[in-house]
Amino acid sequence: MKKMFLTGVLALAVAIAMPALAAAPKAPADGLKMDKTKQPVVFNHSTHKAVKCGDCHHPVNGKEDYQKCATAGCHDNMDKKDKSAKGYYHAMHDKGTKFKSCVGCHLETAGADAAKKKELTGCKGSKCHS
């Protein structure tokens, strides 16, 4: 009877833990070079660990599959003037999209702090474009 009870408790614990364990894949190593624009960015997932994966990696065909930004069919148009959802530059720099761009999130993070704003959103000498 005790074995059956313990087996049931263990099975329940595993069933409850599985969604949490499968929720997000392991983030890639730091030093991810995003070089699709004139001024490359070295992106570190560890710096952004407080941000949920889905805040940047939006659903594609109803699924969160955490692809790279410039994956074919996503933000794969490298024309800086392309302001559509396909535009890579636009996806990183737009301030008013449903899914926050890098710049949109950094502006929100900086708030009214002018020095922080320059540090997080400046084109030259920022933490992004060094």
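Each residue, glycine too, has its Cβ placed from N, Cα and C.
Swiss-Prot has this to say about the protein:
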{"type": "SIGNAL", "residues": "1-23", "note": "signal peptide"}
{"type": "BINDING", "residues": "His45, Cys53, Cys56, His57", "note": "heme c 1 binding site"}
{"type": "BINDING", "residues": "His48, Cys102, Cys105, His106", "note": "heme c 3 binding site"}
{"type": "BINDING", "residues": "His58, Cys69, Cys74, His75", "note": "heme c 2 binding site"}
{"type": "BINDING", "residues": "His93, Cys123, Cys128, His129", "note": "heme c 4 binding site"}
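A coil conformation is recorded for His129 (heme c 4 binding site) in the three-state DSSP classification, outside any helix or strand. For the pair formed by His93 (heme c 4 binding site) and Cys102 (heme c 3 binding site), distance between Cα atoms is given as 6 Å, rounded to the nearest Å. Residue pairs drawn from His58, Cys69, Cys74, His75, the listed heme c 2 binders, are separated by up to 11 Å at the Cα level.
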